Amino acid sequence: WKEIKFSTASYTDSSDDETSPRDKQQKNSKGSSDFCVKNIKQAEFGRREIEIAEQEMPALMALRKRAQGEKPLAGAKIVGCTHITAQTAVLMETLGALGAQCRWAACNIYSTLNEVAAALAESGFPVFAWKGESEDDFWWCIDRCVNVEGWQPNMILDDGGDLTHWIYKKYPNMFKKIKGIVEESVTGVHRLYQLSKAGKLCVPAMNVNDSVTKQKFDNLYCCRESILDGLKRTTDMMFGGKQVVVCGYGEVGKGCCAALKAMGSIVYVTEIDPICALQACMDGFRLVKLNEVIRQVDIVITCTGNKNVVTREHLDRMKNSCIVCNMGHSNTEIDVASLRTPELTWERVRSQVDHVIWPDGKRIVLLAEGRLLNLSCSTVPTFVLSITATTQALALIELYNAPEGRYKQDVYLLPKKMDEYVASLHLPTFDAHLTELTDEQAKYLGLNKNGPFKPNYYRCLAPTPPLKTGKPG
């Protein structure tokens with residue numbers, strides 16, 4: 001195994017160039033060096049990937065057409081920290097078409113597609129990201145996005161909360177000019193609520209993660225399709241008959257379980273919430289505690305957004321060749337730090353795949369060092385990301401254009417009207433035809449004929465403090 005070189009999800013990762021991008025002097029064709037990517041010469045290949053993604057992102061392309069007449073983000077200076085993929089590139093270029101200036105870093109050290117980062121840098125976007133960053137590189141890239149002479153961000157688009165955290169830690173005065181934060185993930189939203197509860201959230205924030213379009217589509221359908229892809233590309237494993245435990249039965253866990261069950265795997269679920277637990281039982285899954293099955297399962301998948309879900313004690317009890325991976329945003333779910341001890345041997349098998357070997361010869365297969373499996377080890381379906389990216393764009397437009405006083409220093413859900421608008425923009429792809437209510441039917445249901453069709457509290461996960469829902473702009 002050690003002698004064979006395998007390519008990874010990104011076409012360009014087989015490059016032998018080990019020089020850190022931070023040590024390179026690169027310029028794009030316009031002479032700008034305000035970026036840091038693996039290799040600017042890969043821009044042409046990255047551009048083709050972006051063009052392919054555009055075909056599967058109809059709503060963003062529709063927003064661009066509208067932007068030819070109006071620029072709802074004119075004057076917006078957006079600093080972003082998300083996965084840098086072809087789909088994100090379509091979002092960034094859409095934000096640019098809507099009038100915004102953008103600077104961008106990656107929210108995950110493994111998920112950047114180098115050729116896409118190069119294409120964005122060639123197009124004039126200040127992008128600071130490459131696949132395989134160190135922890136120090138990660139924070140350096142975020143700092144290069146934020147700490148720029150003569151450029152002050154007035155909007156934040158975050159995925160995981162690291163960018164927001166960095167600005168609070170290093171440049172708190174910047175929040176005086178920031179109009180709002182749009183946050184994408186469970187982890188980042190949790191951090192925002194912590195700030196809000198402590199009275200430290202000094203700008204309005206939009207919780208995109210709990211919007212219907214994110215929960216029902218990205219978290220569920222994206223994970224249903226990408227979990228198998230990530231596992232296949234890294235391990236070439238057979239799913240039929242394998243015993244799998246999925247920790248967490250939220251939308252991500254539901255997607256993972258559905259895919260594995262369809263492939264013939266025997267799936268167990270762990271859950272703390274009795275409602276999600278009952279859903280798992282009704283869907284035909286055995287609800288267990290992790291300790292009850294840890295010795296027998298072939299795969300362990302975490303989907304909770306929590307910390308230390310899989311501990312060193314669990315890892316010690318796993319069977320030989322058990323595959324361990326995480327589908328939650330943060331890398332805190334598996335206690336990887338506990339494995340970095342002298343008695344255990346680490347062997348790199350291929351990119352994002354490590355064998356951790358115990359003194360008796362037992363080994364586990366750890367994927368992406370406990371970081372997000374699908375975006376670290378494979379790709380994700382573009383169409384589903386179109387739904388999330390459009391939601392992010394509308395949340396930015398809403399917060400940026402909101403009149404003074406509409407949003408307080410708190411966390412808000414996207415208005416349901418916008419959720420429904422995002423969904424409607426994607427229906428033409430399927431040649432789908434919506435039924436319209438008659439006046440009589442609308443009156444009977446007490447609804448406006450044009451929506452919203454769901455109450456503001458629909459799908460509200462009601463964390464503490466209670467969610468506030470934004471007013472339609």
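Numbers here mean position along the shown chain, with the first residue as 1.
Even glycines carry a Cβ here, placed using N, Cα and C.
Note that TrEMBL annotation is computational and uncurated.
Some features that TrEMBL has for this protein:
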BINDING   Thr85, Asp159, Glu184, Lys214, Asp218  substrate binding site
BINDING   Gly250, Glu251, Val252, Gly253, Lys254, Gly255, Glu271, Asn374  NAD(+) binding site
DOMAIN    219-380  domain 'S-adenosyl-L-homocysteine hydrolase NAD binding'
REGION    1-33  region 'Disordered'
Item to complete: Measuring Cα to Cα, tell me the gap between Thr85 (substrate binding site) and Asn374 (NAD(+) binding site) in whole angstrom.
Response: 12
Practice prompt. Using C-alpha atoms only, work out the spacing between Lys214 (substrate binding site) and Val252 (NAD(+) binding site) and round it to an integer in Å.
Written response: 11
Worksheet item: Between the binding-site residues Thr85, Asn374, where is the Cβ count within 10 Å the lowest?
Response: Thr85
Worksheet item: Of all the binding-site residues given, namely Asp159, Glu184, Asp218, which is spatially nearest to Glu271 (NAD(+) binding site) at the Cα level?
Response: Asp218
Worksheet item: Just counting, how many other CB atoms are there within 10 A of the CB of Glu251 (NAD(+) binding site)?
Response: 24
Worksheet item: If one measures from the C-alpha of Glu251 (NAD(+) binding site) to the C-alpha of Asp159 (substrate binding site), what distance in angstrom results, rounded to a whole number?
Response: 17
Response to the item:
Spatial neighbours of Val252 (NAD(+) binding site) among the binding-site residues Asp159, Glu184, Asp218, using Cα within 10 Å, are Asp218
Discussion item. Taking the Cβ of each of the binding-site residues and counting other Cβ atoms inside 10 Å, which one has the highest number: Gly250, Gly253, Gly255?
Written reply: Gly253
Worksheet, complete the sentence: Its Cβ having more other Cβ atoms within 10 Å than any other among the binding-site residues Glu184, Asp218, the winner is Glu184
Fill in: Number of Cβ atoms other than its own within 10 Å, given for Lys214 (substrate binding site)
26
